[in-house]
Structure formats: C-alpha cells, structure tokens
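Student: The feature transmembrane segment is assigned by TrEMBL to 6-24, 31-52, 72-96, 111-129, 135-153, 165-187, 207-230, 242-260, 306-328, 334-356, 377-400, 412-433 (among others). Sequence annotations record features per position, and here TrEMBL assigns domain 'NADH:quinone oxidoreductase/Mrp antiporter transmembrane' to 131-423.
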C-alpha cells in the first residue's frame, strides 16, 4: 500500500465524492466526507515522511513509464503542498457539520460535501501530478467544483459571484491550455521533467516564450494576482462561510505552487532570459498588490470582503518572494504559503462562527461582540496579530524572512513595502477590533439576539486548532522552516 500512496492521495477523495452522493443524508455524508479527508491528510503525512527520508517519489500510472505515461512525481515541494491542502481540507470539513451550514438550503447540503471532496481531489491532483496536461485536467475538476460550492449559498448574489468566477476561470484555463499546447507542439512531451530537459535547446523560440506568457497569465487569473484579482472579493464575500474558509486556505496556495513549478522547474531563469523578465514583472505586481489591496481593505465594512482584499495583499507577499528569486526569498514564499493558510483558514472560521450566531459579518451589526462572544473575539485578535506579522506569530516568521531577503539584495524599497503592508494590515485589523470591543455595548445594534445559542463543538475545535497553530508555529518554527528551506534549495538547484 505504501508504494501506492501517491495515487491514493488523489483517488481517495475522488472516489469518495460519488460514495457520499449515494448516502443522501447530510449527517451521514458529513461523517463519510470527514473520514475521507482525515485519511487523505494521513496519506499526505506518509508521503512527506517518505520524501523526507528517501527523496522524490515517481509513480507511473498504468505501468507506462515516464515520459510516455502519466507520472505522479512527489518531491519535497509537492509533499509540502499536499500536506497544507489536505490538512486544511480536513480541518474545514471538521467545522462543516451539517448544522453549521445554515447559509445552504438543507436539501443541498449533501451536494456541498460531494463538491467539496471533488474540489479537494482536484487541488491535490494539481500538486501531485508530474504531467502538464494533467495539471489542466485537475485544475478544471477543482474549478468546476469551486463554482458549485460558491453558488450553493442561499444569497442570490452568490450566483453572480460564481458566474463571474466561472468566466474568469474559463479564460484562465484556456490560456493555460494554449500554453501547454505550445509546449507539446515544440517538444512532443507533456511530462514536466522531460519538458525541463528539452526546452533549453529551444529557449529562444517565440513559441516557447508565448507558452510561458500564456501559462503565467492563466495562472495569474486563477491566483487572483493584481490586477487580475477582481473575481476574488465577490467570490469570497458571497460564498457560504465555510466554503470561503476552504478556498482561502487552499485554492490560491495551489495557484502559487503552479507559478513556482513552471517558473523554476519547467522553465528556468538559468537558461531563459524571459523568465528573469517575468520574475521582475511578478515582483512589481506583488509589491503593488500588497499596498493597493491593503488600502482597499481598510475601506470595507463587510469583514469577509475586508479579509478577501487582505488575501490579495498576502498573495502579493508570496509573489514578491518568487520575483526576487533568491534562496532566502523563495523560502519566505514557501513559508508564507503555510502561514497564510493558517491565518486565513482560522480567521474565516472565526467569521463563520460569528455569522452562524449573529447572521451577519457586517461591522454595523457586530458592535460590542467582545462582550457577547469573548472567546471568538480573542480568536480573531490572535489571527489578526498573525496577519499583521507580530512577533511570536506565524505571520511574523515569513515576513521576517522576506525582509531579510530584500536586505540581502539591498532592496530597501521592498523592505519598505513589506513594512508598509504590515502597517496597513494593523489599521484594518484594528478597525474590526475597535468595533468588536470599544463601541458601547448598549447601542441599538447590540439588541440583536443571537440566532443560534451554540455553534457545533467540532466547529469551535477546528477554529481554535488553527488559531493556536498561528501562535505555535510562530514560536516553534522547525517544521515549516525546515521544509521551506529544503524546498528553496531544490528550487535554487533546479534554476
């Protein structure tokens, strides 16, 4: 069985989805999907241990060896991504008990779990496969599932948000497919490792340059990289609350992984000058995203939309690290992948808890929340401090590495961007905390009754596990720092 972990990582949730569909009842479907997600997480841990101890794993589907057959190739970066996606998938699903899905019609709740597992399988497949066309296939599986998940909300605005995401996602997927088609036309292979060996000989070909441009623009749309981000705020705001938590913690992380995989493995700055130009563009766009999206976040009154724009800014930090292309900056990007999943997963679960009890996440309806939901309030404060990058939180660690990388390159402007982004984050986090804590609890807004006395215990457990992880991994950094360092060394060697 251990020799088949690479394929089981994808097959378990993919086959679990139709099994859940046949169960029908929401409670049984939740238990089944939760079990599947826990098994999937255990598989990712097993893969990570194998790769850490033995090196990269190559799994040939159907007995056809690469490059002729489809290969799942797991190195330390794949294993790292699989752990992030599967762990976050399991934790959000732990929170997603059927009684917590009040923003989804009761008869549609079983469909939520089916679409969730399909989306999880697609995201895991993107991270696991070593075949470029398989990347597109799994991208479509995850994307179609995401559109369904967003549209499940009772709020009719979710349909428009899902439709906009579908249009943008389709354009992005088309660009990626065109780019992969160009690569196949020029090399005759779709295996990413084989592509990396064949492309240097034709590096100056315009078709290769076009392929890179198409793929980067397509992935940029999926990533919500500024200025291609306009689908994300509406999608996050109008999706069901637990769907937002899942997407924020996983989907954009996988898109960042694709940027890394194509930028440093399939293509490489060592033989392609246009990659260096592309990295400069990424650096500029990432820097602008940090400042612009943080500024827009300050102006929001809906906290989900505020955190959505914050996600655009945090994506900017990751892309900045990729753009700098040094060992330290790549480590910072990989670290921030891990830390941002903890931050946004935890914060969106906090908002899901608030919405479940109050029916709103608009600041005008949440005055005096600290007195009514003190534990939830402190959970938001801790997650917010990590988002700002305060010492002893996970968010500080990745920003510290990013600042060190900028100093190493004597790029003081980038240091200023990181510090300014943290200052702006402090403003929009404080804005929410001020409403929660400092407003007079006797105001009219506080007469609103709690719509549900208690949230499910599983939801509180998932929320606090993520919030505590923000502190734990800000103090004991060995796991993320070690894995991100190994990943950065692999990237530097490949480039």
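Residue numbers in this text run from 1 along the chain shown.
The backbone N, Cα and C atoms fix where each Cβ goes, and this holds for glycine too.
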Student: Under a criterion of three or more Cβ pairs within a distance under 8 Å and sequence separation of at least 6, are the transmembrane segment (242-260) and the transmembrane segment (334-356) in contact?
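Tutor: They do touch: at least three Cβ pairs between the two stretches lie under 8 Å.
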Student: Decide whether the stretches the transmembrane segment (412-433) and the transmembrane segment (306-328) have at least 3 CB pairs under 8 angstroms, with pairs required to be 6 or more apart in sequence.
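Tutor: As far as Cβ distances go (cut-off 8 Å, pairs 6 or more apart), the transmembrane segment (412-433) and the transmembrane segment (306-328) touch.
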Student: With CB pairs under 8 Å as the measure, which of the listed stretches 6-24, 31-52, 111-129, 165-187, 306-328 comes out on top against the transmembrane segment (334-356)?
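Tutor: Per the Cβ under 8 Å count, 306-328.
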Student: Is the number of Cβ-Cβ pairs under 8 Å between the transmembrane segment (31-52) and the transmembrane segment (165-187) three or more, considering only pairs separated by 6 or more positions?
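Tutor: Result for the transmembrane segment (31-52) with the transmembrane segment (165-187) is no.
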Student: What parts of the chain pack near the transmembrane segment (165-187), using Cβ distances under 8 Å and only residues at least 6 beyond its ends?
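Tutor: Hits for the transmembrane segment (165-187): 132-133, 135-136, 139-140, 143, 146-147, 150, 194-195, 198-199, 202, 205, 207-208, 210-215, 217-222, 228, 230-231, 234-235, 266.
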Student: Should anything in the same chain at least six residues away from the transmembrane segment (111-129) have a Cβ under 8 Å from its Cβ atoms, list it; otherwise answer none.
Tutor: 6, 9-10, 13-14, 16-18, 20-21, 26, 29-30, 32-33, 36-37, 40, 44, 70-74, 78, 81-82, 85-86, 89, 93, 96, 101, 104, 135, 137-146, 148-149, 152, 240, 243, 246, 250-251, 254, 257-258
Student: Under 8 Å between C-beta atoms and at least six residues away from its ends: which parts of the chain pack against the transmembrane segment (306-328)?
Tutor: 223-226, 229, 232-233, 235-237, 248, 252, 256, 259-260, 263, 269, 276, 279-294, 296-297, 300, 334, 336-337, 340, 343-344, 347-348, 351, 387, 398-399, 401-402, 404-406, 408-409, 411, 414, 417-418, 421, 424-425, 428, 432, 488-489, 492, 495
